[in-house]
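Sequence annotations record features per position, and here TrEMBL assigns active site to HIS81, ASN154. Taken from TrEMBL, the feature heme binding site applies to ARG78, ARG118, PHE167, ARG364, TYR368, ARG375. The annotation domain 'Catalase core' is assigned in TrEMBL to 34-422.
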Amino acid sequence: MDKEKQQQQFSLHENSKNEGLEFFRVSHGEKLLTTNQAVGVSNTDDSLKAGVRGPTLMEDFHFREKLTHFDHERIPERVVHARGFGVHGYFQAYESMNEFTKAKFLQDPTVKTPVFVRFSTVVGSRGSADTVRDVRGFATKFYTEDGNYDLVANNIPVFFIQDAIKFPDVVHAIKPEPHNEIPQASAAHDTFWDFVVNTPETAHMIMWLLSDRAIPRSFRMMEGFGVNTFRFINDQGKARFVKFHWKPLLGIHSLVWDEAQKLAGKDPDYHRRDLWEAINMGEYPEYELGVQMLEEEEEFSFDFDILDPTKIWPEEIIPVRRIGKMTLNGNVDNFFAETEQVAFHPGHVVPGIDFSNDPLLQGRLFSYLDTQLIRLGGPNFHEIPINRPVAPIHNNQRDGYHRMTIDRGSVSYSPNTLQGNAPLPTPENGYVHYTEKVEGQKIRQRSDSFMDHYKQATLFWNSMSNAEKQHIIEAFHFEVGSVMDKGIKQRVVDMFNNVDGQLAIQIAAGVGATPPSAPGGTGVTTSSPALSQENTVMNPRTRKVAILLENGFNYQDISQVMEALKANGLQAEIVSKNLGILTGIEGQQLEVGKNYLTTASIKYDAVYIPGGQQSIKTLMLQGDALHFINEAFKHAKTIGATNEGVDLLLNSAIQGVAMAGTDTQDQLITEMGVVTIRNVTDINTFSQEFINLISQHRHWIRQNKKQMIPA
Ligand code: HDE
């Protein structure tokens, strides 16, 4: 690397990581084919043979190189979080956090620190589906001027276990069962629930895992949580406990279970495609970085232990302060080079951020480097372009597999006089571990303060809306209903009776177990509004609307709605029986985006049916179109129809559930998230109402009607 390139790489600005990567990027278009030794290749389709029908010759170095490289082009997938998707971006602080931390990237609001984020699922293999019920990983690497800082977070704020020594157990239990490798990417099997009923500390996390949080609508619409307790250290050396949060500006939104399952088949790449497309369109996802801070003296002020990773710090008690914003604005050039090879580690901290004694965090500090040594094949993976800090590296570490750096000179030890003892430690600026006082006997024991496993699970349950509660019960019915062992099912009921009596009764009813005999619950009656998705930001931007259309459509209807959708940042796509061009009543032409084979209602947030007698007549005869509407209704999505379009809804299963009076009246009617209007040319009020309904995400008022809809 020449000096000029080096300089560029080390000056910190929004683009400094990108510039560092530029050095390694290669394009192959309009280039001549060579071997890895840069020798020109004359033919890559026929191996060198002794006679046209004879055996292949060993001396065919091009054949050998091509096959050998291919034979070795897989590396082990991550033991957890194997399936992921990475994107570039930058972070900018809102204000200086100097009072609390000396971390450089949190000092100057004019500085844009480059980041790389990898979202992931935990349980499934690399090729598994995106929309499975699972925790999502949300790992961020900040390339700061003081070195790399990794915030290795999840979208759920608590964890299954309290001590890292149990991590192999929980992962073995939840992964596919070892004898037959079934099921893929799912907790719905005996070994996992066997572990749960034998491990009461999982109760709180299970409530989150079975809630809507575990089936996000988009990576762009979920929170991130550092889970473990860390420390902020300021330049006077004062420490405070801190928990990290990411808050998505689009709000927190989820799929429904039936939709998530169907998407897993129809579009296993649903989440990565959503993120890829949003970034390509310039709709950059944004997340605010939030911190909850506690003074050291407050360590014992709560009825939970602040070091216990199965507990949240309720936001109403310890507020989240939003201290900056991350914008994700760049897709990768190469999935393997960037997303697959990136290596995160909660132990990658910078001065100003330190650890706590959270026993889960302590174990994590060992595990990440250890797993990466084998996954990335040796100790030099920090030299892989995506992992390189933008700040310079100088030390006496040498050699090992895949060493790229050419370290000059004879000195690779310290102390030395030959090089003036360089590279020199810097006591003033270098990382100094917080001088926490610790004393105690060596002991394998859990602290008594970690022993309550149910109170916050009750708090979570209390905080859910009726619809969210219903989803959790249905998730129990699916997950525990998939368990074969009757004893385990019964123990699930008994265990969750400790959380809430009604919950346990309802679980029992769906899984064929006996309702609990003892009264349930913890006595906790409070709730935390921050936990319910019902209280999140409602924003229609980037939502996708399917427009069902055939020849003979009313152009006036569709053009007005499409314009309004575009003006509000929503996406519209025409769906029809066949791809190609459709013609309106007055000859206007529109291109079909998808047919019923290449898409489905589950890939949209809303459905619109414009008027046009002929178009509607054709649609009425299409089972696919009616199914599309029924399914969208069942999944609680916004549905809109104008003029003759209303007749199509009256032909669907919605009729009788949510269409009272629609066939006779002309004015705008909204019922259960279905909006209609007839006999009008100006449908501006309709468009506004339609968008307003879409911004509400889903209409749970239909919750009890969904059984009536055949879809
Ligand atoms: Fe991880 N975790 N983890 N984890 N984790 C890994 O590291 C581990 C935990 C998280 O996109 C592994 O490089 C232990 C909590 C994310 O590359 C491994 C324990 C949280 C990712 C590992 C935990 C996480 C990982 C596997 C309990 C949320 C994906 C591959 C003591 C705060 C990062 C790898 C990426 C990955 C160990 C628990 C988040 C094996 C031992 C809690 C987002 O080292």
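Backbone N, Cα and C define each Cβ position, glycine as well.
Long-range Cβ neighbours of ASN154 (active site) (same chain, at least 6 residues apart, Cβ-Cβ under 8 Å): VAL122, VAL135, ARG136, GLY137, PHE138, GLY224, PHE225, VAL227. Between the CA atoms of TYR368 (heme binding site) and HIS81 (active site) there is a gap of 12 Å. Neighbour counts of Cβ atoms within 10 Å were taken for the recorded positions ARG78, HIS81, ARG118, ARG364, ARG375; the minimum is at ARG375.
Put simply, HIS81 (active site) is 14 Å from ARG364 (heme binding site) when counted between their Cα atoms.
Reported as a whole number, the C-alpha separation between ARG118 (heme binding site) and HIS81 (active site) equals 10 Å. Long-range Cβ proximity for PHE167 (heme binding site), meaning a same-chain Cβ under 8 A and a gap of 6 or more residues, is found for ILE161, GLY363, SER367. The local packing around TYR368 (heme binding site), expressed as other Cβ atoms within 10 Å of its Cβ over all shown chains, amounts to 17. Taken residue by residue with DSSP, ASN154 (active site) is part of a strand. Taking every pair among ARG78, ARG118, PHE167, ARG364, TYR368, ARG375, the residues recorded as binding heme, the greatest CA to CA distance is 21 Å.
On a Cα basis, ARG375 (heme binding site) lies 13 Å away from HIS81 (active site).
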